[in-house]
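Asker: First, the structure itself, so that you have it in front of you.
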Amino acid sequence: MRKLKLALILPLFLVAGCWDHLELEEQAFVVVVGLDKGPGNTVEVTFQIANPQIGSSDIGTAEGEPPSDTVRFTSPDILSAKELANSVVTRTINFAHLKTMIVHEALARDEAFPHIAGAAIRDPELRREVALIVSREKAYDFIQKNRPRLETRPHKYFELMQQRWQETGFVPFSTFNQYLQQQVVDSMFLAIYATADPKNYRVSRKDDYLAGEVPKHSGDPVQMMGAAVFRNGRMIGTLTGQQMRWAQMLRHKSNIDAFITSFPDPLDERAMVTVRLFKNGGTKVRLNLAKERPDIHVTIPLRAQILSFTSLQPYATDTEKQILLERHLKEEIEQEALDVIRLSQRKFQGDLFEWELIARKQFMTMPAYQAYGWARHYRKANVKVKVDLRIENFGKQRTPYSETVKGGD
Amino acid sequence: MNTSMQEKVGGREFTSIFLIAVGMKLSDITTTILFESGQTAGWMIPLLSLAFMLVAYVVLMSVLKRRAGQGLPEIVFTVGGKFGGGLICLLLFAAALLMTAVTSRGYVDIINVMVYQQSPLYALYLMLMAAAFYVASRGFAAIARISWVLIFLIEGAIFLLIAIMWQDIDWMRLYPWAGPGVLAIVRTGFMHSAMFGEIILATALVPQVTTFKAFRIGSAVGFIVSSLKISFLMAVYLSVFDYPEIIHIAYPFQQLTKNTSFGRVFTHAESLFIGFWLVISVIYFAFYIYLLAYLFGHALRMNRFQNLQLPMAGLVVFIGLIPGNTEQVRSYWELLISYSTVLYGALPFVIWLLDWNWRRRHAKT
């Protein structure tokens, strides 16, 4: 009996994994997918496929092979392109390591985009944590031009960039999950805005750039700066890097907690004060929805570290000037934040700051909230911004080198 | 065959069976169905459902307490006679069989959609049920012991999952707290209380547990902790995916595990969780196969009910393969839950009445 059982069970080990077996050697791991608008109702799908031999100890057998290969197909949707790709690519296309999806701005603005994105997420291989980037030029060109010098392997590039995004706050941290979450009626979504085609350089004193405008003179052509604004799943406009930072600060739960920025000096208009701002706790948003024009009171608690001031004023030692500086910074931030809010109310006509979550709290039931129509009321809302600013320190120097510099001119 | 067949089960092993068997509902289609009607208040439904079920449970316990050491089948045969007892047992068996078939099909669908897309459904189904049958054939004590061994690992894995996802959680998404309205929530909670119907079925297993006290504490703790766990996990799904996106997601638990990673190096932590999940589902269905054989065997007053396990496993597969696709499984599940709610809710009162009648008659003589 025991032997019979064994005889029945042992052959099972030989037949294991017939249907869904995967040979590691036969996989092509796509790390970046690019989407462009194709003719008719099609999409042009670009796959950047990683070469796993590069950057590993196996490099000896792959000498002369590039770190990745890029192929482009035109097909009705992403998944059919995946199969189509196997007419060219020797290995099975696999999305398991897909981290980034690049969408051409023209497609993002197209009414077909919500359908393409919504259809693609059905594939279990496509993860909801895929980062969504909107590129100013065609996604294919973007992928072709992106040749980071310090990172050979493409997946590593996006992985590290994602962490930098969270640190600097110039771009939103946008994933597919968030896009799908906010695809509902009158909801806003911010995606990373990027370009590999820097043209119109301009110099701004306040880091107020959009992708392509950053005054940079060498290195990888790719710039990621600012945000693409989506309403109802379609792109409708852009925010600059600095505006994006304030938008993140205005959210009750932001991904960034510190960034460096500059403001004009209160005592010398040609000079700049550079500070590192920390979020000192969550942004408080108080709503009064009783009126037709709702009142919104926002309080942003901030800590500031003064890093440099070119005016060389004795801010560190002069209490009066300190108070002046503190008040000045406070007003500047309040004004800039308010400008972003005005922009969202007038130009985008939607709430970029996830305040709908706070508005939801005011209602007991979902039907009551939906009947209220937050987006409609937000446009008319009367918003007040208050900044709680505390200057924490003045860097490692106390008094400036020379106070005569100011008197020199 | 071996001694574990007759071996009785201690309180902690018994508790861990329910922590697994009932707690499993946090990972299957139950949660998505509850979100559909519960909206942002979907996470309250398990608590309400259990509260309703506990009323029936308390009534049933008052009967069981008087006849300590006897299980549900023995009691219904005593108080209901041969015909009534057999009928009640068969009704319970039918409800449990259909429920097992539909749930197991749901699990196979999840495996098919999320992990093995190219494998045929019947093959996955056969493998799952064969494994479950193997565990069930080792006896109740074996299921209990495995549960006790694994329970800390499983709870640890769930804890780990929440810890990893903590950053993505925004509790503000739970508002508006009443979802579709208080009344609607209470009604949905009541309609779905059969999802904790196991608490009634479990009373069949009283003779398998060392003491009645161990049974009482074990089942109560197992169910209350499980419903808290399901409710908390549902709140986590909601605060990660947000309403209304949550109702678009077919399998929130599996989606949640797909979002996990340990730092930059281990980016696909879902394989860990899916592995755990598969092991638990085998135990879960082993428990059900055992219970089905037990109920059916007692309904027909058979002594060697263990021999019924293989036919039961086969029956589950055959019934489970009937629904055409995943959405049909969902509607069958809804239908079944509302009918079983009537059964599980009314049965304790019927038994109590029968018992009262029996006592009155026997007091006279």
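Placement of Cβ uses the backbone N, Cα and C atoms for every residue, glycine included.
Feature list, courtesy of TrEMBL:
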- B:14-35: transmembrane segment (TRANSMEM)
- B:41-63: transmembrane segment (TRANSMEM)
- B:75-99: transmembrane segment (TRANSMEM)
- B:119-136: transmembrane segment (TRANSMEM)
- B:148-166: transmembrane segment (TRANSMEM)
- B:178-205: transmembrane segment (TRANSMEM)
- B:217-238: transmembrane segment (TRANSMEM)
- B:272-296: transmembrane segment (TRANSMEM)
- B:308-324: transmembrane segment (TRANSMEM)
- B:336-354: transmembrane segment (TRANSMEM)
Asker: Considering only the recorded stretches B:75-99, B:119-136, B:148-166, B:217-238, B:336-354, state which has the highest number of Cβ pairs under 8 Å to the transmembrane segment (B:14-35).
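Answerer: Against the transmembrane segment (B:14-35), the leading stretch is B:217-238.
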Asker: Taking pairs 6 or more apart in sequence, does the count of Cβ pairs under 8 Å between the transmembrane segment (B:119-136) and the transmembrane segment (B:308-324) hit 3 or more?
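Answerer: Answer yes, regions in contact.
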Asker: Three or more CB pairs closer than 8 Å, sequence separation of 6 or more: does that hold for the transmembrane segment (B:336-354) against the transmembrane segment (B:75-99)?
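Answerer: Counting Cβ pairs under 8 Å, at least 3, so yes.
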Asker: In the same chain, which residue numbers or ranges, 6 or more beyond the ends of the transmembrane segment (B:217-238), come under 8 angstroms Cβ to Cβ?
Answerer: 11-12, 14-19, 22-23, 25-26, 30-31, 34-35, 40, 42-47, 49-50, 53-54, 57, 158, 162, 165, 169, 171, 173-174, 196, 198-199, 202-203, 209, 246, 249, 252-253, 256
Asker: Can you say which of B:178-205, B:272-296, B:308-324 has the most Cβ pairs under 8 Å with the transmembrane segment (B:41-63)?
Answerer: B:178-205
